[in-house]
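Encoded as structure tokens, the structure appears first; notes follow it.
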Amino acid sequence: MLCPKVPSFMAYKVLRCQLQQINNIFNCSVNIVPHHGRTYTTSNQTQPVSFVPNSVPPSENELAELQDLIRKSKRLLVLTGAGLSTESGIPDYRSEGVGLYARSNNRPVQYTDFLNKAEIRQRYWARNFVGWPRFSSFSPNVSHHVFSEWERVGKVSWLVTQNVDALHFKAGSKRLTELHGSAHRVECLSCENKISRIEMQKLIISQNPEWRASSIEMAPDGDVTLTWEQVKGFTVPPCQKCGGIVKPEIVFFGANVKKNIVNFVYERVAESDAILVAGSSLEVYSGFRFVNRAYDQKKPVAIVSIGKTRADKLANVKINAKCGDVLSAISI
């Protein structure tokens, strides 16, 4: 069983308490000030920014079609993407008008660059460090809780998420595969030692007692936008066991999902009798292949996602509306 190994709520309670005074989590300015006293300060923007694209509410006919498909399913496989977490305040990459690609020229780091260039690792970890207190404070929304409840009553046989934010875990899902890993874990690329992201934050603070930076723009995977000038002087802690390179336990752009995880999910597809995609454009093949496999096995496919998806032609039901509006209207 591939269940997430994410730190418990108690483990990051301190960081969450530091942010509880934030009234609007959608567009806050994070000002991390590490010093010998190891304190953090945060400040807010006054105008909220929603990362959910515009859409119209689902029609009664659309809801009825989805309701019928889900009612008939006894072993529902759920596949979720970044569009599910935008309603929690986390931006995605591809949403029209509000995704990172539409708002910024900033692009995610490529895996080969991270491996081969020390300055890229320095910039990545500096940005990730500044963004972590805010990113780790995001909470599950109604859709995460719906899927957790559906699992509890036996409707969902397995849930596969492309997201690295651990919000399904926070909502209580247990029959869960994090296809692209989790930003809440850090791994050594040499000895494979793993630590929590909270431990990594402490290591960074200890090695950067005077370094400080601030940024407004949050990226989908938890980092922020910093200039090269801001990154100067930042020290990246090595693995504490072997001195190797450490990275979040997530699948970077240009890297592949491990074969054993892919095969595991294929097995869950084979066991299922229907698949529901929520909040994913399926542009990335790592998720699309499972929908394609279900279609080849003549299993009904439902998609709830704003905008076009790569699998629209494969879907028995496609609803172009907010996941929370749709899923909260379905009864089981």
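Each residue, glycine too, has its Cβ placed from N, Cα and C.
Residues annotated as domain 'Deacetylase sirtuin-type' in TrEMBL: 56-332. Taken from TrEMBL, the feature NAD(+) binding site applies to 81-101, 162-165, 279-281, C323. The active site, proton acceptor annotation in TrEMBL covers H180. What TrEMBL lists as Zn(2+) binding site is C188, C191, C239, C242.
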Nearest by CA distance to C323 (NAD(+) binding site): which of the binding-site residues is it, out of C188, C239, C242?
C188
Around the C-beta of C242 (Zn(2+) binding site), how many further C-beta atoms are within 10 angstroms, looking at every protein chain?
13
Shortest C-alpha distance to G81 (NAD(+) binding site) - which of the recorded positions H180, C239, C242:
H180
Compute the C-alpha separation of the residue listed as 'active site, proton acceptor' from C188 (Zn(2+) binding site), stating it in Å without decimals.
17
Are there residues of the same chain, six or more positions away from C188 (Zn(2+) binding site), whose CB falls under 8 angstroms from its CB, and which are they?
K194, C239, K241, C242, G244, I245, V246
List only the single closest residue to C191 (Zn(2+) binding site), chosen from the binding-site residues S85, G89, D165 by CA-CA distance.
D165
Just to verify: the residue among G81, G89 with the fewest other Cβ atoms within 10 Å, which of the binding-site residues is it?
G89
Mind checking which of C191, C239, C323 has the fewest other CB atoms within 10 A of its CB? They're the binding-site residues.
C191
Find, for the listed recorded positions S85, D165, H180, the residue with the lowest Cβ contact count at a 10 Å cut-off, counting only other Cβ atoms.
H180
Taking the domain 'Deacetylase sirtuin-type' (56-332) alone, what is its mean pLDDT?
92
